[in-house]
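Novice: Once you've had a glance at the structure underneath, I'll fire off some questions.
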Amino acid sequence: MAAEPNPKNFPVLSYVLARLPSFTAKSPSSSVPPFDIEQPPPSSSSSSIEIVTQMPHLTQPDVLASMTSAISDVAETRSILRTLGPRPDHESVDKARAKLSEIESFLSESFEDIALTDAAAKDEKRRQEMDQEKTWCESILKLDEVHASYEKLLKEAEERLVRIYESAEKNAAEDEENVAAVEVNEEVVGILQHASANPVDRVDLSGRKLRLLPEAFGRIQGLLVLNLSNNKLESIPDSIAGLHSLVELDVSTNSLETLPDSIGLLSKLKILNVSTNKLTSLPDSICRCGSLVILDVSFNRLTYLPTNIGPELVNLEKLLVQYNKIRSFPTSIGEMRSLKHLDAHFNELNGLPDSFVLLTNLEYLNLSSNFSDLKDLPFSFGELISLQELDLSNNQIHALPDTFGTLDSLTKLNVDQNPLVVPPEEVVKEGVEAVKTYMGQRRISMLEEEEKKKMEEEMEQANAGWLTRTTSKLKTYVADVSEYLGSNSPRDPYLERQL
């Protein structure tokens, strides 16, 4: 390997080294640059243009200065290797290694002969020649080791330079964001100024890299729709409660960890999208948003829903809670009588409350991918009379509830990746109608069996009662007869005798 790193393997390092000043005078022998016939280096100008196109910040003086100081060890080693010469080829190294082994073996035998014959000068000349050859072989091996270490050094240096560039690129991006933030702030100020003099019903500030929402936004009268999605908001000001007319609020894809308690004062809010944030809980006050029709809290870190979410969100039709860590639904969920669409896949649900079956308007239900946590469904699951689509895939359900056959509206069913025993696999493969028929017949058979068992028990009880009554009457009759006979029969004189 030549002292100059190949631009193909070390593009950034080659670019930086090519811009280092050279203080060493070129010897006549080094007037022609080394040329590797197997791996000729590409044109320096073309490689420089290519790397600068890919990494434009390389042309910045401060970036280049940082990189130059980071590879001082490479520059020093390169200077030494220029003096030592190119790396010996593989064959030369193998020959030197074999020759060195041969020389060491010869010298060892020679020393033994000297010890035995005590003839110190016998092979002196030969040993001197061998010592010279040994030195030459060792120098070849040492040069190969230095070049190997240099190659490792080049790899480490390239990685260092890439890290420096990435850091510079990140800083540049942050600077650009700061500039953009100033521009956004000017846009926000413009919106607020316009809204103070003119009625505004819609504001769209999505994708503006906003980090902060001014308190003054809460004073925009008549605002119906506010879109703040795809920003970098970490909080929403309490002043948002001043948007009394707000119907739709979208704060999805931000960095929100909490929602303000004042959100419960948005009594006219119908659509709330807080998906793809960092929420671990919802404020209890959200239950007071009684006009909500759609609530999307998917792709967060929720572990539960507010206890009283059901009684007050009576108009909610669509609830999206997928990709959270919810372990159970509150009992009050059964009071969401308007709910039609519920998506809760990819959570940690371990079951459904018995009140869940009160959601008689529910049409779509996705409980898939709760994995090892979800093992069964409520017995009265069949009371969800409006259910049309049901996804239970990727759970641990062994048996569908016995009332499943009464889901007359069900047209789509997915129970893949469950250890189902009831219904059996062959029935599931035939489709949703086959499953409903099987479960319906199974339910009828179970009811008939229960009725038969009940009748048998009643008959046993009736028979037992008749026998008891008969025995009682017989005992009474025997007692009466005994009493009658005892009072009217003459006494036996023999029995009356004194002993």
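Every residue gets a Cβ built from N, Cα and C, even glycine.
These came from Swiss-Prot, pasted as-is:
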REGION    25-48  region 'Disordered'
COILED    138-187  coiled coil
REPEAT    197-219  repeat 'LRR 1'
REPEAT    220-243  repeat 'LRR 2'
REPEAT    245-266  repeat 'LRR 3'
REPEAT    267-289  repeat 'LRR 4'
REPEAT    291-312  repeat 'LRR 5'
REPEAT    313-336  repeat 'LRR 6'
REPEAT    338-359  repeat 'LRR 7'
REPEAT    360-383  repeat 'LRR 8'
REPEAT    384-406  repeat 'LRR 9'
REPEAT    408-430  repeat 'LRR 10'
MOTIF     431-438  motif 'GVYW'
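How buried are these features, and what lies next to them?
Specialist: Shown for the repeat 'LRR 1' (197-219): DSSP residue counts in helix, strand and coil, namely 6 helix, 3 strand, 14 coil.
Across the repeat 'LRR 2' (220-243), DSSP helix (H, G, I), strand (E, B) and coil residues number 5 helix, 3 strand, 16 coil.
For the repeat 'LRR 3' (245-266), residue counts in helix, strand and coil come to 5 helix, 3 strand, 14 coil, using DSSP.
Listed as Cβ neighbours of the repeat 'LRR 4' (267-289) (distance under 8 Å, sequence separation of 6 or more from its ends, same chain) are residues 229, 244-261, 295-309, 311-313, 320.
Distant neighbours of the repeat 'LRR 5' (291-312): 252, 267-284, 318-336, 343; these residues of the same chain sit at least 6 beyond its ends, with a Cβ under 8 Å from one of its Cβ atoms.
Beyond the ends of the repeat 'LRR 6' (313-336), by six or more residues, the same chain brings 275, 287, 289-307, 342-353, 355-359, 366, 373 to within a C-beta distance below 8 angstroms of the stretch.
Beyond the repeat 'LRR 7' (338-359), the same-chain residues lying 6 or more positions past its ends with a Cβ under 8 Å from any Cβ of the stretch are 298, 314-332, 365-370, 373-378, 380-381, 383-384, 386, 391.
Proximity of distant same-chain residues to the repeat 'LRR 8' (360-383), defined by a Cβ-Cβ separation under 8 Å and at least 6 residues beyond the stretch ends, is recorded for 322, 327, 337-354, 389-407, 409, 414.
For the repeat 'LRR 9' (384-406), the list of distant contacts is 340, 345, 357, 359-378, 412-423, 435-443, 446: same-chain residues at least six beyond its ends, Cβ to Cβ under 8 Å.
Secondary structure of the repeat 'LRR 10' (408-430) per DSSP (helix as H, G, I; strand as E, B; remaining residues coil): 5 helix, 4 strand, 14 coil.
Predicted-model confidence for the motif 'GVYW' (431-438) is 92, expressed as mean pLDDT.
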Novice: With a Cβ cut-off under 8 Å, give me the same-chain residues at least six positions beyond the ends of the repeat 'LRR 10' (408-430) that come close to it.
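Specialist: For the repeat 'LRR 10' (408-430), the nonlocal Cβ contacts are 363, 368, 385-400, 436, 438-439, 442.
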